[in-house]
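Below is one structure, written out as structure tokens; comments come after it.
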Amino acid sequence: MVGTQKSRASLERELEEAEGELSRLEALEKSQKHERARMEADDDDVDVGFNDDELEALLDRLAESGESDALTALGNKDSDKSGKSNKKDKSDENTKAIQRYNDEIGLNQAFTGIMFNPPQLLSQDEHINHLSISGALPSFLNHNFSADVKIDTISGQVADLKLNCAIPQLRGCIRHIEHSRSLPLFFQTVRKLGDMLQYFSDLRHVLMLRYQKHVLSFDTNTMCFIDHKQRRLIFTHSVKWNIDYSRLEPAFSLYGRLGDEQPNAEARVMLQSLSVNFLRMIQLGFTVQKALEAVIDVFLYAQRTPLTNTQKQEKAVGSASRRQTAVDGKRALIVREKRKERREHNLRTLFESRGASIEAQKQEIVDELKKKKLRKLREAKKKAKTDKKREEKVSDIRQRKKEQMKAEKKEQLRRSKQAKRDKQREENEKRERDKQAREDRENERREQELASERRGDENGNEDNNNIADQSGD
């Protein structure tokens with residue numbers, strides 16, 4: 001170990017600083033003692049039944065200190081009610097105790113937003129007051145609640161507490177709250193439950209917007225996500241009572257189910273690891289939303305099959321197209337900047353050539369340029385309009401000429417077809433005439449043959465007759 005020796009001046013300076021700090025602490029302790037003595041003297045003059053001014057002062061102090069539970073802040077009965085047991089008039093004492101409790105309930109209503117009915121005194125013993133407190137919870141669809149409270153007027157503590165509330169999420173908490181005999185704890189639990197339910201609602205909304213295509217189903221307590229292999233990741237949330245800390249806490253659960261694929265150990269281990277990693281991230285301090293989004297991203301996108309060559313090529317083409325678009329945009333921006341610089345340079349040169357030194361002269365030159373540019377634009381517009389009309393007229397003429405040529409071609413085709421039909425008809429008629437002539441000649445030849453045969457038969461008969469006559473002679 002290497003030691004360093006301080007100089008005398010530094011030691012004296014540290015000693016002076018220590019003495020100054022000691023004197024400051026002594027002065028602070030003395031001022032705190034004076035303040036404590038003054039507050040104890042003021043407490044001796046405080047009436048057990050708060051008036052309106054004191055209640056407003058209490059409200060201001062609670063608001064400044066950030067106290068969210070006025071009933072808890074006013075729950076220390078040791079200082080405010082220390083002299084109440086010495087009261088002689090018991091009825092006046094009980095009336096003031098009920099009034100004080102009523103004021104505390106009113107303060108709690110102002111800070112929590114819970115609607116209270118005026119407390120009712122059910123029964124009264126020597127040192128036990130039995131009160132009935134009821135109201136409504138606007139943040140839970142105006143659910144009603146009621147509480148039977150037994151207060152020990154001597155100690156100022158709650159001797160017994162019975163609660164009746166129809167909120168489903170509080171069914172498992174009522175028994176613990178009754179055991180703690182703390183009505184403010186019930187109000188704190190109601191507020192905390194409202195905050196949790198609002199957080200769950202916002203979380204469902206965020207997840208629905210981000211994973212809308214992959215949300216299979218959802219309700220007030222469960223959301224089910226599905227991936228491309230029909231595997232399901234189910235997220236559930238609820239509330240539970242922490243016995244060690246006597247408070248309401250959220251509870252989360254994440255588990256997976258296999259889809260239509262063949263069950264294998266790898267997929268099952270993957271789903272189990274997602275659930276374990278989610279719980280570990282929550283334990284390490286990640287918010288539920290961040291942890292859940294990380295797990296869902298892994299579930300949906302990290303387990304996909306590799307891209308095919310076609311998909312890789314399409315992705316590369318898309319990337320090249322995006323790069324080309326960015327380059328074109330940058331090039332257009334550079335061209336606009338250069339055009340702007342050239343225009344400004346031309347204006348400066350024009351101002352110098354015309355000797356324009358004041359703004360009025362420069363404005364006249366700019367107006368003149370604008371008028372010239374407008375005149376050129378009007379002339380260009382007029383020329384474009386004239387060219388358009390000329391083009392339309394030429395197009396109309398071309399269209400009519402085309403239609404005329406089409407009609408002539410159609411007429412020529414019709415005439416050609418008609419000539420072909422006439423020629424075919426003439427050929428058919430000629431063929432019919434030749435056929436008829438051949439048939440006539442054939443008929444005439446046959447008639448001649450028949451006639452010659454008849455003549456031959458007649459001659460033969462005559463010869464036979466002559467021969468017969470000669471033989472008879």
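Backbone N, Cα and C atoms are what each Cβ position is placed from, and that goes for glycine too.
TrEMBL assigns the feature region 'Disordered' to one of the listed ranges (116-143, 312-339), namely 312-339. Taking DSSP states H, G and I as helix and E and B as strand, the compositional bias 'Basic and acidic residues' (388-458) has 71 helix, 0 strand, 0 coil. Secondary structure counts, DSSP: the compositional bias 'Basic residues' (378-387) has 10 helix, 0 strand, 0 coil.
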